[in-house]
Amino acid sequence: MAAATADPGAGNPQAGDSSGGDSGGGLPSPGEQELSRRLQRLYPAVNQHETPLPRSWSPKDKYNYIGLSQGNLRVHYKGHGKNHKDAASVRATHPIPAACGIYYFEVKIVSKGRDGYMGIGLSAQGVNMNRLPGWDKHSYGYHGDDGHSFCSSGTGQPYGPTFTTGDVIGCCVNLINGTCFYTKNGHSLGIAFTDLPANLYPTVGLQTPGEIVDANFGQQPFLFDIEDYMREWRAKVQGTVHGFPISARLGEWQAVLQNMVSSYLVHHGYCSTATAFARMTETPIQEEQASIKNRQKIQKLVLEGRVGEAIETTQRFYPGLLEHNPNLLFMLKCRQFVEMVNGTDSEVRSLSSRSPKSQDSYPGSPSLSPRHGPSSSHIHNTGADSPSCSNGVASTKNKQNHSKYPAPSSSSSSSSSSSSSSPSSVNYSESNSTDSTKSQPHSSTSNQETSDSEMEMEAEHYPNGVLESVSTRIVNGAYKHDDLQTDESSMDDGHPRRQLCGGNQAATERIILFGRELQALSEQLGREYGKNLAHTEMLQDAFSLLAYSDPWSCPVGHQLDPIQREPVCAALNSAILESQNLPKQPPLMLALGQASECLRLMARAGLGSCSFARVDDYLH
């Protein structure tokens, strides 16, 4: 038998070892991609950057009598096999992450060799590899020659049938209750071990010549239906969560949840929804309606790419805010530069009829400096470009033919008109009502409030808080540049070709001049506050767009995606709230963040139930 199964890796103890299936640093092979998809489906809670999953046997963590081949998945014995002192084992490349919850691998017996002294199981780091799994402390194994299980002892216990050539033995580790069971040819054999410690490695051991086994860590579908077993335990864990007792203080619990929902709606500017929710639940709103609408107006401008107008509106509604937040001002100005390249900021859209803002702000205007206040302006009407949404997909209602530069908005914009109704708070809490005018210095003037019909940023208009620009359609989180504004005179093989500013020389000069002023602002902030590497990187990324004739397709073109407006919008919104002594983050988001962090800590502590209590499972 030994001669018939000649040692595939005879000679050097490490002969036949390969690199573990890596593709030489290039693109992953189709097999590796399929493995990654299968592991992601089986173990979605595992962060493989922090805790990689076992994918192969380790060429560095084995006894010399073990040889590896076929991507370090095949194990063969190359020792003498005279007695138990010739036993040899190998561990997997990584321990089993606790975040798996349930972990499973299978081993196929390619050849039982001379005597079939094979062991399949688990072991901790540092356990002697000159032994079969299960013989030493923190080592566990199921042996093929007698069907016994070995739990950290040289004395085995009757467990299951023997196994031989052609059999497939599976090993399932339940990190929720600390147990392990085996399968043979797809059928469970029952619990083998209990009270298992954390951080165990899949392990196999061989002892006689000719023994060969192949491992399956997910490279191929398993014989055993592990996903059905996972569903069973997921239901148990989620049942525990749902059954958590709160009946004794149900009213208090509901009040907390209602306040969290209300504050979330207010934070993101869903004014009408927050008002309706407050009426239904009798929940007080901790901010005046006029102030919510002011923030809503500013967010809308940023999400539309009209950052220059957003800056001016912020300075008008909340004077001193940007002057006391130079980092925020610089972020906004860099974003404005990007939007000018994108053709969405009014500085390049309105060159033919310059607004007072354009004349006051550039060039040589102090408005770039955080030391100076706002300049007067009007807000452009967005009626022609206002987005709508169908089934969660944003689209534009602009009936005009698309050119690279949309016609400038009328100066008689309805968004600059004042509301005839005086602002009022909605179910405003008594404890905060006396301080409302102090905390919101300009929110109570009638010429700053805009009607609900114009300003309400409901979900149907802003899917997930992202507004679609004229040039980009957002479909399920992906961007399709199928409605790009192009200079009709610029054609490449019969197709429109995008150009910087649509080839408009005046707009290009406007961008260059603005860039010089932005550079001057960066230098000024450096002198006053010291060098800021984040500012330098932000500026370089923005300026790099000018190095390409088609910035949308360049290596830094991701900056032009509308989704990049979201972090800027969130930072500005949080700063406004913080300036009014309101939370800069909604409590609901803080609670979700805390829950996610608790699950990460559970995984690090080896508590496997964290895998089946993911926050995403409760977000609908």
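Even glycines carry a Cβ here, placed using N, Cα and C.
Taken from Swiss-Prot as is:
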| type | residues | note |
| --- | --- | --- |
| COMPBIAS | 18-28 | compositional bias 'Gly residues' |
| COMPBIAS | 347-398 | compositional bias 'Polar residues' |
| COMPBIAS | 409-436 | compositional bias 'Low complexity' |
| COMPBIAS | 437-450 | compositional bias 'Polar residues' |
| DOMAIN | 35-222 | domain 'B30.2/SPRY' |
| DOMAIN | 253-285 | domain 'LisH' |
| DOMAIN | 291-348 | domain 'CTLH' |
| MOD_RES | Ala2 | N-acetylalanine |
| MOD_RES | Ser361 | phosphoserine |
| MOD_RES | Tyr362 | phosphotyrosine |
| MOD_RES | Ser365 | phosphoserine |
| MOD_RES | Ser367 | phosphoserine |
| MOD_RES | Ser369 | phosphoserine |
| MOD_RES | Ser422 | phosphoserine |
| MOD_RES | Ser451 | phosphoserine |
| MOD_RES | Ser453 | phosphoserine |
| REGION | 1-38 | region 'Disordered' |
| REGION | 347-460 | region 'Disordered' |
Residue distribution over DSSP helix, strand and coil in the domain 'LisH' (253-285): 26 helix, 1 strand, 6 coil
Secondary structure composition of the domain 'CTLH' (291-348) [DSSP: H/G/I, E/B, coil]: 44 helix, 0 strand, 14 coil
Average pLDDT across the domain 'CTLH' (291-348), rounded to a whole number: 91
